[in-house]
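This report refers to the structure that appears directly beneath it.
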Amino acid sequence: MTVATTDTAGRPKLPRIGLLDTLRGAALIAMATYHFGWDIELVGYLPPSTATTGWMKLYARSIASTFVFIVGVSLVLANTPETRWKSFWKRLGMIVAAAAAISVATYFLTPGEWIFFGILHSIAVLSVIGMLLLRLPLPVIIVLTVVATAAWIADTFVSPGILRWPFFNPRYLAWIGFAEMPQRSNDYVPLFPWIVPFLLGFTSAALAIRTELPAKLAAMGTGSSLLAKIGRRSLSFYLIHQPVLISIAFAMAYVVPPAKPDPAETYLQQCNTSCTVEQGQALCRSFCQCTLDKLQEQQLFTPFQSGEIKPDDGRILSLASECSAAPQ
């Protein structure tokens, strides 16, 4: 018996679960707070890399995981007791159009870090995968969820990077999620590992529809709260909130200009962020401090920061090699 042909086939369609809308709305508000942190870093109120390291990085990932989990849950509930293809294609078309618009806009606004596969791109592809999974038996889906989760644990904790390969580095393959060094992007949400929270949500809902839990949750109401209303308009909120927030951040910076950051501190933060992708934090701190000291000693720091001297300059490569060889 597949997920799409459970014993719920004779039941009427479940009413909308207000609690799910509320959770989605709360996740949207959390996302907005993170994006505003990113915005005020952009205009100079926070040190560089603040929004992409430490607790803020974990905060962003938890928000994205919540969204993707809810997508998995919602897809099952929306297609129970019958598959609603018309509604699905309409929703998918809106998501794909929004994702394409974001890619085009960021390609011109931030060409070095444009969004080629962000959260909306990921949700679009995962939604298609989810519709295919509806045709599979529940035990198969459970096995797929366990395997994907185990792969994520192995790649993240047991042997970090074991599933990463240079072959997947180009953008046309990086979206799959196995890139060793993916191209820079302001929003990168590849299928792996983000299919894990999607499958967890999908499987949870597939199990729940075999019980009275969805009906009980729907009976709780909560659909009239402000968060629920925001959750029901998630795509509109997503598209509108960032232009508004970044405008506020730039207005703040115009009225009360932020203090100029210390160039040396900025260099160390950026160097450490880049280095820790492949190396340990202690090693990276030592390496970055070493390169900073040598750049300043040789009076190369200012021209290097301004772009007058490129990273592939022989002098830069030489001092980087010296710092790599130095005892850490």
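Yeah, the Cβs are placed from backbone N, Cα and C, and that goes for glycine too.
Annotation comment: TrEMBL describes 16-243 as domain 'Heparan-alpha-glucosaminide N-acetyltransferase catalytic'.
Tertiary proximity for the transmembrane segment (21-38) is limited to same-chain residues at least six positions away from its ends with a CB under 8 Å from its CB atoms, namely 46, 50-51, 56, 59-60, 63, 66-67, 70, 222-223, 225-232, 234, 237-238, 241-242, 245, 248-249. What TrEMBL records for 21-38 (among others) is transmembrane segment.
Here TrEMBL flags 58-80 (among others) as transmembrane segment. Outside the transmembrane segment (58-80), and at least 6 residues removed from its termini, the chain residues within Cβ reach (under 8 Å) are 3-4, 6, 8, 13-14, 17, 20, 23-24, 27, 30-31, 34, 51, 87-88, 119, 122-123, 126-127, 130-131, 134, 189, 194, 197-206, 209, 214.
Among the features that TrEMBL reports, transmembrane segment is placed at 92-109 (among others).
TrEMBL lists 115-134 (among others) with the feature transmembrane segment.
The feature transmembrane segment is assigned by TrEMBL to 141-163 (among others).
Per TrEMBL, transmembrane segment is recorded for 191-209 (among others).
Annotated transmembrane segment per TrEMBL: 235-256 (among others), in sequence order.
When Cβ-Cβ distances under 8 Å to the transmembrane segment (115-134) are tallied for each of 92-109, 141-163, 191-209, 235-256, the top count falls to 92-109. The transmembrane segment (92-109) is not in contact with the transmembrane segment (191-209), judged by fewer than 3 CB-CB distances under 8 Å for residue pairs 6 or more apart in sequence.
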